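So that you can see what the record holds, here are the features copied from TrEMBL:
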DISULFID  Cys138-Cys175  disulfide bond
DISULFID  Cys161-Cys211  disulfide bond
DISULFID  Cys167-Cys213  disulfide bond
DISULFID  Cys190-Cys198  disulfide bond
CARBOHYD  Asn57  N-linked glycosylation site
Amino acid sequence: MQFPENFNKIENNQMLFFWWICQHYYLLRPIPSNSLPLVELKEDPDPIFDPKERDFNETALKSILGDFDSRFLSVLPPTEDKHTGNDETDDFGIQNPGGVLPKEIRAVDFDIQFGKKHKPSKKLKRRLQQWLWAYSFCPVAYTWTDLGNRFWPRFLREGSCLSKRSCSVPEGMVCKPANSTHLTILRWRCQRKGGLKCEWIPVQYPIITDCKCSCSS
């Protein structure tokens, strides 16, 4: 394991109890659902199954759809964005989660015993808490996806888990989907019964809403 360069300023005994803290928190990480990530949709490429211009009456489609959440749904191509919450970084270049410090980290015992019992300063304790929280933080990255002309609204904002590096100490765990929700959209469905008959039908589309640090296998 490699510590950030800034840690060479911390006394040796402080580095040792920091390592112990990380080992302890490693065992506290929750286990996310294994039913994610979501399966990619596959469509018949034959254009005969595509809706025509007359089938895109926005007033009628909104009536069928009902609730329209503009945060995650768009009829027109939206401005591309990737949002993972707080974009600020700490002194080590790691993204700050923001919000309230999780109780699991607040509850970690920072006292160490090397002959004489030592307690870290409040400033150091807070600094280590923030670094550990940021290192194990798994934000959801949202991007707009074009579902194609057989779905309405055509553009949907999907979530994914960032996995460029390990989120655990020692390394080995990665950010994985832990929870999801469903958005209602319309799908163009065609059936060959006495000729080709097509219509818009409501369907549930799952999106990732939460990511957590989990075993990579």
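The first residue you see is number 1, and the count goes up from there.
Using the three backbone atoms N, Cα and C, a Cβ is placed for every residue, glycine included.
Feature map: TrEMBL annotations on the structure.
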| residue | record | CB count, 10 Å |
| --- | --- | --- |
| Asn57 | N-linked glycosylation site | 12 |
| Cys138 | disulfide bond | 23 |
| Cys161 | disulfide bond | 24 |
| Cys167 | disulfide bond | 22 |
| Cys175 | disulfide bond | 26 |
| Cys190 | disulfide bond | 15 |
| Cys198 | disulfide bond | 16 |
| Cys211 | disulfide bond | 26 |
| Cys213 | disulfide bond | 23 |
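In this structure, the C-alpha atom of Cys167 (disulfide bond) lies 47 angstrom from that of Asn57 (N-linked glycosylation site). Cys138 (disulfide bond) has Cys161, Cys211, Cys213 nearby among the recorded positions Asn57, Cys161, Cys190, Cys198, Cys211, Cys213, counting only those with a Cα within 10 angstroms of its own Cα.
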